[in-house]
Structures are given as C-alpha cells and as structure tokens.
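If you look up TrEMBL, you'll see 1-29 marked as signal peptide. The domain 'Glycoside hydrolase 35 catalytic' feature in TrEMBL is assigned to 71-195, 235-452. Summarising the annotation, TrEMBL assigns transmembrane segment to 190-213, 225-244. Residues annotated as domain 'Beta-galactosidase 1-like first all-beta' in TrEMBL: 500-620. Under the heading domain 'Beta-galactosidase galactose-binding', TrEMBL lists 662-724.
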C-alpha cells in the first residue's frame, strides 16, 4: 500500500513539475562561460598580458585569470601556495600589542604562503533569522582588509554549506525549525514567487526519477524529509548571499582587493545532503542558478571554483562541465597527485585547468574518544613536494586550525545515525601552525623547506613562538546548582507541549534543553524508554512530598550510542514524581547523509510501555561565540554566594559520594602585571564533563574522562590584568579536590585515548 500511495504522489510531482518547467523556462537560461568573460582569444590575451603602455603614466591593470592551464596574476605566471585559516577560529583581539589574526597571518607568510583560504559560516553571521552579526570574531570585512594589508591573496568559500567540522556545516540551526511549506515564503517572498517555486518543482521532478527507479528503496518518508530541507535552503540562499556577497565584492582582486577566487559551493546540495543530489545530472539547473547569483553580485570576471574528491565519481557529481566554474580537487595526502590532476582536466575547459589541490591535508580532525590525530612531518612535506616540483598549486588544509570556541564544533556519523562522533574543542588539526600559534615544530620546518625551494623570492623570517604561562592551581567552590538557577528563567520562554519538541523548535540552537514531565509512582521499578535522543540525556527524578527534598536526584544517562532504556526508582512518594531530562546538544552533524540532525528528544517518551504526555521545555541560556543571552547563567553563577555548609551536605548522596548533579563552580586567579598576560591552558584532568567560561568567554567543552583532550586553550586576549574569573558547569563528577590547574602546554592524553602518528 505504501508503494502505491507513493507512486500516486510522485505522479502528481511529475505533472506539476512539467507544467512549472514550461512556465519558468527562462529562469534556467544558460550562463555565460569563462570565454565570454574575456573577449580576447588566448593568443591575443597573452599579448594583452605583455602589452607595453605608451602613456606618460603607466597604470598596471590588476587581473587574475586562468589560461594555458596556469594562473596569471597581473599578466605574470602565478602559483598558488596557500593555506586554510579560518577567522572564526582565531580571536581578532590584541594582547600586549599582538593582534592574533595578524599574528597567525604573519606566521603563514613566514611559511611561504601567498594565499589564505577561508570559509564563511552562515550560522555565525546569522544566528537567528534576520539577526546579522559582522562584529568581533565575525568581522569578515576587517579580516579581508588585514589580508590585503599584509599582501596576502584570499580564496573565499562563502558557503552556504562549508562542512569544515563546524556545527551543521555552517547552516544556521534555525533552518531545521521551519516547517515547510507554509513558512517557506516568510524568508524571501519575492524570490519564492519568481524563482524558488520553479526550483521546488524541478527538485520534485528529480525526486520522482529517483523514486520511480526505486533508488533508496522507494523510501518516500526519507527523501521527502530531505526535500523539505533542500527547498528551505533554496528559499533563503538568495537572501543570505544578497547580504554577504555585496560585503566582499569591494575586496575582489580586480577591484583592488585580495580575493582572487570564490568557491562556488555546489556542496550546498551535493555534500550537505550527500549523494541524493550529486548522482544525477538534472540538478545542474539549480547549480547554474547559484552561479548566476554569485556572478550577479560579484561580476562576470570573478573566478568561481568547486572542490571535490579526486575521483571520477566525485567530479561527475560535483562539477559543471565546461568553463562556467573552475573545478579543483582534493585527495588523500600521499596519493600520486598527477593522475588526479590529469583527471581534473577532463572536467575543465581546454586551457582552464591549472593543477590545484585546494585541500592538501596537513593533518586530520579528532573526535571525542578517539586517539589524537597526527601525521608525520617528513611524510607531509614529501607529498607537497610532488605537487610543487611540477608547478602544481596547493592549499594546505589546515595551515592553522585554531579552536572551536563556544558550542560551534561539528560532528560526524559512522555506519548509521546512532554512530555519532562529536569533534573535540581543539581544532589544532596537527597543522604546521599549532592551535596556540606555535611554529617551532618539525612540520612547520619541513614544509617551509619544501616551499622555499619552489619560491623565487626569499621567505620572511620566522617569528618566535608566543609566550605561554601557567598560573598555577585554581581553587574552585560550588556557587550554584543548575536546577536552582532555573527559577530565574522567564516563564514566557518555557514551552509546553503534549509531546517533547526538538531544541530547534523551541528556539534553542546550541547547548542544553531541560524536559520536564511527571508520573505516578508504582510499587516496583519503572522503565523509561527514549527511542531517539540527540545527543546526550541526563535523567533526574524528584519527589516533592519528601522532607528536605529540594532538587532532583540523578538516575542515569541515555545517549545516541547507549541503551535507550533506564530504570527509574519508585520512592514511596505521596505525590507524582517529577521527571527531568537534561539534553545536551554536542554539535550538529556537519557532513554526510545524517545532516538533518535535530537535537533534543525526537521521539515519544515511554514509561512502562505507555507514552508519557505533558511536557515543559526549559531553555538553558549560555553565552555562545557571538550571542549573549538575556539571562546569563554563567554570570549569575559567578556572582552567587558560595554554597553554604548545609547545602554542601545536600550535595552528597547517602553513600557520602559527590552526587552527579549539574552544578556551577567558580574560581579566581590573579595576574599581577600586565606583561604577565600570556596564553594559557586550563587542565581538567580528574573532572568529568562540562563547559568552561573565562571572563565570560565560552572557551568550549571539556570531557577528559572520555578524552583525548585534557586542556582547553585560553588565548591571552581573554585574560586581563588583575582578577580573572573561571566558571565551569560540571555535569557529572567534579574532582573531589575542587582544583583546576592553569598550565603552559596542551595535553591530549586523557581518557583511554593516546596520541598516535598515522599517515593519511
């Protein structure tokens, strides 16, 4: 029956799609090719490059072009030796007259790089619909100005999908909260009327082809869920790019700025929903629309490029044949690059395929619970030599990784959706410039030697490593229990529903959401079942009629990897028992087929086999990288009175052990002199799991019990002369000594994980 119903639906899709294609045919007019950008033939163009200016004032035109399978900058052959450095993973502020954006860029130049590649994460700049942020760490314009000042070219990757081990691949999580189709028009009505409707119907027709040929087993529910997200992206991309691209247009190379190329992210379709839309050719109409959109804002002279894995299958899925978009490749470090560059030429127009590895991997990412990823210095340098020795170009991914501050780390999945792998806070990536900016290491030196051999000009001198300082032990005190501070939450922010709602549906895009319900106790133990929870839930119960019972007691945890069942103790309670489920969003999946990764409780909750109804959802407000909540629990915890001795006793269970109840701990450390302000690391060895905030800046998540990361990086600009305040939310098991140490080095040896060197 399901198959029959699905066939009727797809036939309906086909009918309206064919009608729409006739009605909106002009929308899909072919785009101008690269050859139309440059009116001269290749031979004439070379003559133009070397044109002699006879006027009394010689004005050298700025141009960056592709011809004869080479890059040409201002008429001269140019090779891209670049590296990824993400402005949103490095603090822009200064410390002791050292600006950290500039510091990292200067070190990249000392390595021999002439180009920086960076993503633009949409969710950082528009954390809420219509709320635009381009200040502080999100000040893209200032970053581009700085690159220009330092004479560094830029390859810009504006998304809207970036992957990059960043939360939801750069998509704003509020996209997951909009229910199609009624709310689609609220984002950009003009575009929806003129373009999006036609695109919607075209995608429907493509999905009809998928479904008719039984691709993915005819799972109607599965692919319609993906369709909803695609239609939503279509409806808002124009609006977002209409904001972003005019900001970067003045920085194009031909306009006097540093940007030489802009990545046309067909991954908005191809990678963000993996293979569904990359394995057919009819999606090219939508991709052409994105090209046309980019050219409309940036002009026809800009070089648009794509990045795809260096296999025929990936290039077939991810490129537009011809010369509208320059197709680049990436591949495993250590692979023979030249057969892949030869394949790359098949997907570019003749003469338009300079060999470029736009992601040359210097290291790799690390998930919680894994060994810290390392790659050999000589191995990496040897692989780069194979590219540069034959005039190939490469962009190091990463040249400097930086840090996933706040809640912005991404996640991956394995064999299925439950095989969830969140990224650690550090994005060091084993890059030649470390997370804290260090360059006195074997990998930096080995890569610099190779680059120096293939660079005509002498390289800048290498700066010394910045100073680090350990400020010693920091004594903490419990200042507040999480549940006690919830009384300060505005009741208007609490959402009630018969069944649990996702975090995004109640406006909580990051961090934590508390679900509250109640049940009637029985004589024997009850069994709680939550079939689908993203990502990690701590379960608590509270009997209000018990004497001196003021806060919940922890029962256990449920996560995506563990059993979904949990036994609930049934105390002799004269009233109903309150059930609290604190769910942590550990990072939206940023890559693969399970990117539609809503957070929170995503199913019914069952108690002894029956659905438990009647829920309140209480958002837990915390400071994120670019958002300050109306109620900041960290500030409240920092300024709370230290918990009294009697309350400390309540914090212990009957066995005398510290209860696993989420609580805030606050400590202070002092920096006597301004010249003693240096980078430091906070060591969480002996603690459980939580988040840490220094001087009201969210430095990220810690989880030493799972590893491998023990210490969180604290850049000097966060610190200040005099008193510094550390506040942590410990979710599970505080160290009995209640001491944390400020040290002068990173550490990735916690948990059962150990660092290991491997070859990619």
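Cβ from N, Cα, C; glycine included.
Values in this document were obtained by computation on a predicted structure and should not be read as measured data.
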Residue counts (helix, strand, coil, in that order) that DSSP gives for the domain 'Beta-galactosidase galactose-binding' (662-724): 6 helix, 32 strand, 25 coil
Counts by DSSP class (helix H/G/I, strand E/B, coil) across the domain 'Glycoside hydrolase 35 catalytic' (71-195): 53 helix, 28 strand, 44 coil
The domain 'Beta-galactosidase 1-like first all-beta' (500-620) - residue tally per DSSP class, helix then strand then coil: 3 helix, 55 strand, 63 coil
